[in-house]
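Here's the structure, in structure tokens; my notes come after.
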Amino acid sequence: MFLIKKISIDKIYLLGILLLGLISGFTFNLIFFTVPYQLSEARYTTDIIGLISLAAFPYCLKVVWSPFIDKYSIPFLCSKFGARRGWAIASQLCLILAMTGFLSFSPCDNIYITATILFIISFCAATQDIVLDAYRIERPTSKKELSLAFTFGSIGFRLGMLLGSVGALYISVIFDWSTVYKLAICITFLGPMIVLCIKEPKPKQKSHRTKDLINLKQYFEVIKSSIISLKNEQQHLLLIMLFVFLYKAADSIPMAMSSPLLLDLSFTTHEIAFIYKAYGLFIMIVGGALGGILSTKIGILRSVLTGGIIQLLSPLMFMILAIVGYNVKIFIITITTQNFCIGFAGTIISIYFANLCNSEFIATQYSIIASFSSVSRIVLAALGGICAKYLPWSLFFFCNTLFSMLFILVFFKVYGKKI
């Protein structure tokens, strides 16, 4: 009721953000789940499927081309619809064209063509996400509204993930895989229509855009200006980066190591698919909604601290599951805890990232912070894998909990006087 009430008071654009988030989440799972699953059905080996996932690398490198989105104006589209909406429409139209590649071609037919199409889809989808992130920061007119914008975007993204995984599987069983890709194109086609229905945001600072392609000097100048502006606004920038790294530990390590643990404990594929994927995503949506609401009630800093502390329950529950062994009830409690924490803390940390950005180059700033967060997730997952090889599961997740608690020390070092 709280969210519905907020929409009704001249905030209808939040519904647009939710729907655009749904498209983004659906595309994300198309790349990371749907196509790999179809390849698994076709008996492709795990090493091939693993290499295919590299086609999604543009998601980790958004910062590389975000300066172009901040500085360059696409002829006609940006002058007609505004900078953010123009870029959004361009990226969505390119995304639709890329997806049509799977209409006359099955991903199982040629692995090299599949990788190429997925890479193009990833690039277009990542570009769309850069623009939407900037829109969610620039469009709101208050801190509370900013929290709502990221909450609605997060809920939409999770719904899209649910539709792109469980929904895609059901459609493939009832019809076929080609119908799944037709549905994907239809859903993505809604993107430009939604963008046309929402207003162009007012930049937080004066923007100096150009219709000429920026040169290498201008490109690095945008990145340099973004970092300098970020450093000027945030005196303890290095400590903030360390805080983000430690904050992700309670989320990234259990997420990366949960599948090996569950298989070691002899949970079935059906149990993992239904409880971990379908039910887990639903709980994630609930957690994300509550996280967004909390940030509007008690402020972003207190919400970040609360989310981080609650997040510590995730590795603790996996430790208990490792001690107990195969137990469906404990498994459900563990997955409920983990996914609630991911949704709850994930939404709050996204709002926190948005609050750090305040310059002419918002898309670049947010991409820098989000890219660091993504790299942190990858590094933590890799370190977790190495440690898990030498430690029993219960001790591993206990150490994970202790390590994750270090974020509290860094948080109070940076924000102790502001709480």
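Using N, Cα and C of the backbone, Cβ positions are placed for all residues, glycine too.
Annotation source Swiss-Prot lists transmembrane segment at 12-32 (among others), citing sequence analysis. A Cβ distance under 8 Å defines the sequence-distant neighbours of the transmembrane segment (12-32), meaning residues of its chain 6+ beyond its ends; these are 6, 53, 55-56, 59, 88, 92, 95, 118, 121-122, 125, 128-129, 132, 135-136, 139, 148-149, 152-165, 168, 184, 187-188, 190-191, 194-195, 197-199.
According to Swiss-Prot, the transmembrane segment annotation covers 48-68 (among others).
Outside the transmembrane segment (86-106) by six or more residues, the chain places 20, 23, 27, 69, 73-74, 77-80, 113, 117, 120-121, 124-125, 127-128, 131-132, 135, 177-178, 181-182, 184-185, 188-189, 191-192, 195-196 with a CB less than 8 A from a CB of the stretch. Per Swiss-Prot, the feature transmembrane segment maps to 86-106 (among others); the stated evidence is sequence analysis.
Summarising the annotation, Swiss-Prot assigns transmembrane segment to 111-131 (among others) and lists sequence analysis as the type of evidence.
Note on the transmembrane segment (155-175): residues 17-30, 33-34, 37-38, 183-184, 187, 277-278, 281-282, 284-285, 288-289, 292, 343 of its chain, located 6 or more positions outside it, place their CB under 8 angstroms from a CB of the stretch. Positions annotated as transmembrane segment by Swiss-Prot: 155-175 (among others).
Taken from Swiss-Prot, the feature transmembrane segment applies to 178-198 (among others).
Within its own chain, the transmembrane segment (237-257) has Cβ neighbours under 8 Å at 230-231, 304, 308, 311-312, 314-315, 318, 338, 341-342, 345-346, 349, 356, 369, 372-373, 376-377, 380-381, 383-385, 388, 396-397, 400-401, 403-404, 406-407, 410-411, 413-414, counting only residues six or more beyond its boundaries. Residues or ranges marked as transmembrane segment in Swiss-Prot (evidence: sequence analysis): 237-257 (among others).
Summarising the annotation, Swiss-Prot assigns transmembrane segment to 274-294 (among others) and lists sequence analysis as the type of evidence.
The transmembrane segment annotation in Swiss-Prot covers 304-324 (among others).
Residues annotated as transmembrane segment in Swiss-Prot, with sequence analysis given as evidence: 330-350 (among others).
Beyond its flanks by at least six residues, the transmembrane segment (368-388) meets 59-63, 66, 133, 223, 226-227, 230, 241, 244-245, 248-249, 251-253, 255-257, 260, 349, 353, 356-357, 396, 399-400 of its own chain at Cβ-Cβ distances under 8 Å. The transmembrane segment annotation in Swiss-Prot covers 368-388 (among others).
Annotated transmembrane segment per Swiss-Prot: 392-412 (among others), in sequence order, evidence recorded as sequence analysis.
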Surrounding residues of the transmembrane segment (304-324) on its own chain - C-beta under 8 Å, 6+ positions past either end = 247, 250-251, 253-254, 257-258, 261, 265, 291, 294, 298, 330-331, 333-334, 337-338, 341-342, 344-345, 348-349, 352, 392-394, 396-398, 400-401, 404-405, 407-408, 411, 419
Residue numbers, six or more beyond the limits of the transmembrane segment (178-198), whose CB comes under 8 Å of its CB atoms | 13, 16-17, 19-20, 22-23, 26-27, 30, 34, 81, 85, 88-89, 92-93, 95-96, 99-100, 102-103, 106, 128, 139, 163-164, 168, 171-172
Contact set of the transmembrane segment (392-412) with the rest of its chain, CB cutoff 8 A exclusive, min separation 6+ beyond the ends, reads 239, 242-243, 246-247, 249-250, 253-254, 257, 261, 264, 304-305, 308-309, 311-312, 315-316, 318-319, 322-323, 384, 419
Residue numbers, six or more beyond the limits of the transmembrane segment (274-294), whose CB comes under 8 Å of its CB atoms = 2-3, 147-148, 150-152, 154-155, 158-159, 161-162, 165-166, 258, 262, 303, 306-307, 331-332, 335-336, 338-348, 351
